[in-house]
Amino acid sequence: SPAPVSVIATSPRKVSMVFRKLPGVSASGMGLRLSQKFVFLLFLSGLVTLCFGALFFLPDSVRLKRIFLSKTETQPVTVGSGTKLKSLSRPPAGSHEPGDPATTERREKVKEMMKFAWDNYKLYAWGKNELRPLTRNGHVGNMFGGLRGASIIDSLDTLYIMGLMDEYNDAKEWVKSSLDLNSNGEASLFEVNIRYVGGLLSAYYLTGEELFKNKALELGEKLLPAFNTPTGIPRGVINLGSGTSWSWGWASAGSSILAEFGTLHLEFIHLTELSSNPIYTEKVMNIRKVLNKIEKPHGLYPNFLSPVSGNWVQHHVSIGGLGDSFYEYLIKSYLMSDKTDDDAKMMYYSALEAIEANLVQKSPSGLTYMAEWRGGILDHKMGHLACFSGGMIGIGADDGAPDKRQHYLDLAAEITHTCHESYTRSATKLGPEAFRFDAGAEATATRLSDRYYILRPEVIESYMYMWRLTHDPKYREWGWEAVEALEEHCRVESGFSGIRDVYTMTVGHDNMQQSFFLSETLKYLYLLFSDDDLLPLEDWVFNTEAHPLPVVRKSCLQDEATQDKTLAE
């Protein structure tokens, strides 16, 4: 090996002194000439190289690699009862780079944007929920019931994935010293779950830090009283201190919102896995039971449901706001279960069939879009929030009926194209909050109240999924267009801000750097310009706040035994 050779070459006197102390050994030769020693060392180094090459390149070398690689490289996380979850190799910095320098440069630009956004949050709003970049101060708001640090929790996994380790360590230290879960106030069950519980779970699975797991379990327990209703359908608002819950004042007749009570499944399954407490799984499975019993108009799921009677309150159906992530969590529940949750699969494809029959429309110029449904009457509007559906339909395409798989992939591409059009048809090349297909308009906002852009991720999210599924280079080009538009119109001196009107180049900023910009928009852009083996879709499922959660493989040990038996035969 190199070190002893160096010592012999530079310190012959010291080596000779050592050998003199060994009985029966001659310092002058040790029984071998120099040339013979060289040949022997050459042979030995070749043998070692061959052995390690076999370990790392023979077909069944994965578990052997785990033995030899250090714990900082990979640590499979085992949770629950015999369930194994595959973890990301750590740390990811410098790995999974795209093959070509131009794409690598684009990825580095996204990383720089994240660092810029984070540094300004830390400088001006540390510990608050979000940064106000124009006034250089923090925003708390009332969505999180007194919880603080939403941007910190939302950023943990993004910082870690990008290899911004100093920033990640600052965030971890804040969680350890300052994240206080004993708060009183009006908290959105939905928002606390997807941002805080989801963010902490993801951080735990990526890093193995017990701190994040413990905080996630502590917070998850505080959400349970929201389910204390006659039907078990949770109310939308909860006081995390007292446990009292109620419905949003603006929700029709005290109803619960489909996209809120329907967007708990992924996180709650993992809470059960980590705690070995079945109550979390029971709560979300009961929601399924209620929904499967109730009659659905034309197979559709309206947005408002009474947590008291278990009946629909009004027949408004939307794949955008109020409905969106319910459908997303059906297909993702199936994928996260390692494709064993057949109930979720059935519900998803039945819902998709009803959506296609009733909501999917074509504009006169051929753009495919998702309309909204109000008691049988179509409203030809599509929200920015609904643009996630291109990615959703894409990731579910492979598991649909064999004769529909290509159709679903084509539909996903068409919807993603329409959402891209909503960006290209604006002066800023950023999309409005909602766009319409009536009165001669196509993929453009016709109302002043719909013209704003608040750093939303859904269009970029679909670009990322469609890139992974098709590797069509246009999706990376579209993503880069979004980066350039964000840099030109949303980047200000002390962070990033939403804008009030995407159709004018005289930009007015809304003075808010949303936490989901750090969690979703920049993460999806980074993944778009990374290799597919960074958070591969067969191993990870993203919650609706883009927090990656691992696929639950209950048969992992059995599969390994089967593989060993096959190889032995």
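Heads up, the Cβ atoms here are built off N, Cα and C, so glycines get one too.
Given the structure is predicted, the values throughout are model-derived calculations rather than measurements.
Database features, via TrEMBL:
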{"type": "ACT_SITE", "residues": "GLU191", "note": "active site, proton donor"}
{"type": "ACT_SITE", "residues": "GLU433", "note": "active site, proton donor"}
{"type": "BINDING", "residues": "THR544", "note": "Ca(2+) binding site"}
{"type": "COMPBIAS", "residues": "97-106", "note": "compositional bias 'Basic and acidic residues'"}
{"type": "DISULFID", "residues": "CYS387-CYS419", "note": "disulfide bond"}
{"type": "REGION", "residues": "78-106", "note": "region 'Disordered'"}
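Using Cα positions, the member of the recorded positions CYS387, CYS419, GLU433, THR544 nearest to GLU191 (active site, proton donor) is identified as THR544. The residue listed as 'Ca(2+) binding site' is surrounded by 25 other CB atoms, counting those within 10 A of its CB over all protein chains shown.
Put simply, of the recorded positions CYS387, CYS419, GLU433, the one whose Cα is nearest the Cα of the residue listed as 'Ca(2+) binding site' is CYS387. CYS419 (disulfide bond) is surrounded by 28 other CB atoms, counting those within 10 A of its CB over all protein chains shown. For CYS387 (disulfide bond) paired with GLU433 (active site, proton donor), the C-alpha to C-alpha distance reads 10 Å. Rounded to the nearest whole angstrom, the C-alpha distance between GLU433 (active site, proton donor) and CYS419 (disulfide bond) is 11.
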